[in-house]
């Protein structure tokens, strides 16, 4: 009967009788007929005494009968009870199913469990599956067989409808929900995959029939407050559950509320009359439970096996010899023990559980197997690298060494794989082998690229050394034969380098196209060296021009420094030096590696070299076009141009301005030398001296003593001039010269007087030829110099026996 206070009723009693009258009364009580399609049905299933009724009462504010833990654990809910949720919109009906696996119904009588579960799935929009946290991963406690049977029959009996399966994990432990949820989802998917399906649903995915949700709740007895908070949070999800995105938002085939009673009766009738929900044979169930226990024991024994643990630890750090045989022995031993203990159970169940045990054991050892393969691969790769390097260092051809080493060490890897393979497993090692092959090929390509790069660098360095210095020297002395000489040098050195590189590449077995490309790159590099050096020299062309001009202008044909005595033709020398500099400019104006002819030298000669011709041309036509008023040369591409005509004109103007000073200095030196050689005064001065100085001249003739005094004074002044080096002192300026002479004047005078005194005290001999004049000492800045030096720099003054003063003129006199 329905309770007025709780709005609940028993829908199906414990004997499987559908109570249609109670349902009709309940529908009228809750006014379900007025809801149309705006209602939802929620049911809960799970083991007996798992707290289903308690959860519903807290979740939906119902008052289903709960188990009294102080009396004992026994069956509380019998059959299926129906109630309306309080305070939840839209109208939501909840069904509390009799718990599964109860002792009251007995070991074999589980037909009602399957019938009620199938009814719940067929009628409900949301099915709560109540389960304890520690039952996750178990077969019976997690309702896996029940769900498997229900899924199979439901697809055959009813058209698909979208039902939400919400697994409610009770008494949650420390294990995070994100670790529990994948296990449940995987189990449901496995159940679905294993269920035989009708032809119409062969390819139907699980998501076509079910939405799977997972929630976890704390223990009601130990953490009541936390449990209530979590239930209150879960309750919010049932509000507006049929709206899009809600828990039942994508349901299909909804029965109007007015037909709910009739529809439920028909569904229960179909389920009760269906024979596919009968229990399996008792022996099958016993075999299932016992074989699973034996398999679990053997799996636990394998995981605790010290030999396996030792192998697993050893393989983490390196290769394990005989890995496959050792593991195969342990695996076969565990499976043989299982066969011995399960031999008397049902063959189908025994084989299925043995296959499951074998699969679990292989999954356990597979990571160690993969690690072992990794060690084999990495060890083989390292050995290959060592052998390959050794073969190359031994002078073996690159391609031949690569083929032989690759073949040899791939065979070595295959031997290692054969040693690691486990007999029971049919694991494919081709992926690891392919990876090793790729690693070996990658290393070979890396070494190949490195060797080729090394060879290119070697021959490029040789070309750079063979070309840079000689090209620079040729361009330094550039003339009309410079570029032919450079082309000859480039051709010779390039042919030599290409010949050497061709021999070195023979062992690489390169494709002809690639080989030609490599040799062409080397040839281009050689040209690049010459062109770079030419550009570098072109950047210094002004310095080179000034150096060449200076060399030719200041040195004669014997490379001796010129002394401008007044006989040299400065104009001709200047023209020759400038002409040579102009040749240098024309040689560096363009790159001529291909032997094409051009008129750069003629253009520069006409425009810059012949001044008279240029002047005549200007007089002839003032409006004539300047051949250098251009940025390109005729017959010379811009890529080969180093100095444009405009730049040549600018450089020549700067060159002339900077060398003009040297020419001016030479002209000044030549004129000064001429003036020094003309020591006599002009004729008119001589005539004036004779006319004006006639009286003084006659006085000197009448008194010869004055001639002696003047002569001696001249000698003394001459000696002072030479000893003081007046010309040299004034070379650095007037003021420094006066200061220096003032400091040396007195010591020099004393030195001369002393020398005269010593010469007067020396006895003279009768043979003037054997009585040489006493060498005089000279002092510069108060320091005595050698006698020979004094004789060479000035006249030597001595006294003869008759008392006259003898003077030997200096070299300058």
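Cβ atoms here come from the backbone N, Cα and C positions, even for glycine.
Bear in mind that TrEMBL entries carry predicted annotations, made automatically and left uncurated.
As the structure is a computational prediction, the values presented were derived from the model and not from experiment.
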From 706-759, 760-813, the residue range that TrEMBL assigns the feature region 'Disordered': 760-813
Shell list (GTP; ref centroid = CB of 46, 47, 48, 49, 50, 51, 52, 53; cutoff 8 A): 99, 130
Predicted model, mean pLDDT over the topological domain 'Cytoplasmic' (1-680): 82
Greatest C-beta neighbour count within 10 angstroms, which of the binding-site residues 47, 51: 51
Cβ-Cβ distance under 8 Å to residue 50 (GTP binding site), same chain, at least six residues away: 99, 130, 131, 132, 170
